[in-house]
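Q: Below, the features straight out of TrEMBL:
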- 12-32: transmembrane segment (TRANSMEM)
- 44-63: transmembrane segment (TRANSMEM)
- 84-109: transmembrane segment (TRANSMEM)
- 115-137: transmembrane segment (TRANSMEM)
- 144-165: transmembrane segment (TRANSMEM)
- 185-207: transmembrane segment (TRANSMEM)
- 219-242: transmembrane segment (TRANSMEM)
- 271-293: transmembrane segment (TRANSMEM)
- 305-322: transmembrane segment (TRANSMEM)
- 334-357: transmembrane segment (TRANSMEM)
Amino acid sequence: MSTSIRENAKVSPFFVFFLVHANIVGVGILGFQRTIVTHAGYDAWISVLLAGASIHLIVWMLYSMLNAGSHDLFSLHELCFGKWLGKVMSFVVLIYIWMAAFLILRSYVSIVKQFIFPLMHTWSTTFIILLLILYIITGGFRTVTGVCFFGVVIPAILMLPLFLFPFEYAHPNNLFPLFSHNLPSLLASAKDAVINYMGFELLFFYYPFIKRAAHSQKWAHAGVLFSTFLYVAVAIVTFLMFSHGELDKIIWPTLTMLKIVEIPILQRLEFIVISLWLFVILPNICLNLWGVTRGMKQIFGISQFRALLLLLASLAMGSYLLEGTTPLLMALDYYGKVSLVFIFGYIPLLFLLFLLWGKKRNTGQYQTPGAETEKAR
């Protein structure tokens, strides 16, 4: 099922760090603190660490399957389920990936409307972003990778004021007493934190586009580790700033903290951050949609450009139909539950199926050209 991929269309293993991290960190880091404190209070930073550790285990499973010869999700599904059932399973995953892209887009548009342009229509902001997405994805996977690179650099710069300015208003006593919650509470909070790590599973799609792909595993783990560090740091700063009661009333705590930062020539720093955050969510959306277009080409045989036009039209229609903050939060909650099932249910199940009989059925017909050379290196 895999097709030959030109060497000049691939990227170096090092870029997997940026692909993984850029697709994990997005809109979620602006408001995840509000949900994780529900069960574990201000011990929730421990839950973020637990969630990150669990993702490392899933990444290991993912690479164990892909390195064995099934070089993308579609080959893996055909290997474990057969041709037709494999296509059905792949299509279901494509819907899941599309849903992620849609919710990221809709969340960002909601933030722009809430903080910058309260009277602006949803469709106008959506249309501008969709044009950017069209331009980026038509440039190919290497262009998407370049956008992911900037999607890592820009948030690193934008987060600096968050770690420097608000500490004069910090309340260190908020973090004490430490370890005041039991393990079930920490695990329940970790379950809420896991949704913020979604995006690494796109490795299933772009693995064949990595040079010496088997050597990229350490960079994938590094991307997850850096994302975990960033989430923990932002969570701790937030807990120092707000009480539990205040967090319950704030939808986007990270942006609210940025209102504290005062620069003489700039009164509303959050306006700049939200505007530049577009370059953070673009890698999320573009990589997800690129993966869906590649999947539609594999399953239905239609060109990726036509598939992209259909997807952009569906995003525009979905954004128009899903109005208001409450329906959006409900949709995000539903997606979080689906993500848990996919990451901690389906991927381990697929891993077990692969171990049971996938390797026995795995022959050279599923290997992408050059796979043996990669293993030899």
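Heads up, the Cβ atoms here are built off N, Cα and C, so glycines get one too.
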Q: Is the count of Cβ pairs under 8 Å between the transmembrane segment (12-32) and the transmembrane segment (115-137), pairs 6 or more apart in sequence, 3 or more?
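A: Stretch pair does not touch.
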Q: Using Cβ distances below 8 Å and needing 3 or more such pairs, separated by at least 6 in sequence, tell me whether the transmembrane segment (84-109) contacts the transmembrane segment (334-357).
A: yes
Q: Can you name the far-off residues of the same chain, 6+ from the ends of the transmembrane segment (334-357), with a Cβ under 8 Å from a Cβ of it?
A: 54-55, 58, 61-62, 64-65, 68, 70, 76, 79-80, 93, 96, 99-100, 103, 191-192, 194-195, 198, 201
Q: May I ask for the residues of the chain that lie six or more residues beyond the transmembrane segment (115-137) and have a Cβ under 8 Å from a Cβ within it?
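A: Apart from its flanks, the transmembrane segment (115-137) reaches 105, 108-109, 143-144, 147, 252, 255, 270-271, 274-275, 278, 282, 285-286, 289-290, 293, 308-309, 312, 315-316, 319-320, 323.
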Q: Six or more residues beyond either end and a Cβ under 8 Å away: which residues meet both conditions relative to the transmembrane segment (44-63)?
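A: Distal contacts: 33, 36-37, 179, 186-187, 189-194, 196-197, 200-201, 203-204, 214, 217, 220-221, 224-225, 227-228, 231-232, 235-236, 239, 343-344, 347-348, 351.
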Q: Are there residues at least 6 beyond the ends of the transmembrane segment (219-242) whose Cβ is under 8 Å from a Cβ of it, and what are they?
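A: Beyond its ends, the transmembrane segment (219-242) has Cβ neighbours at 13-21, 24-25, 29, 32-33, 36-37, 42, 44-45, 48-49, 51-52, 55-56, 59, 63, 155, 159, 162-163, 166-167, 169-172, 174-175, 193, 196-197, 200, 203, 250, 253-254, 256-257, 260.
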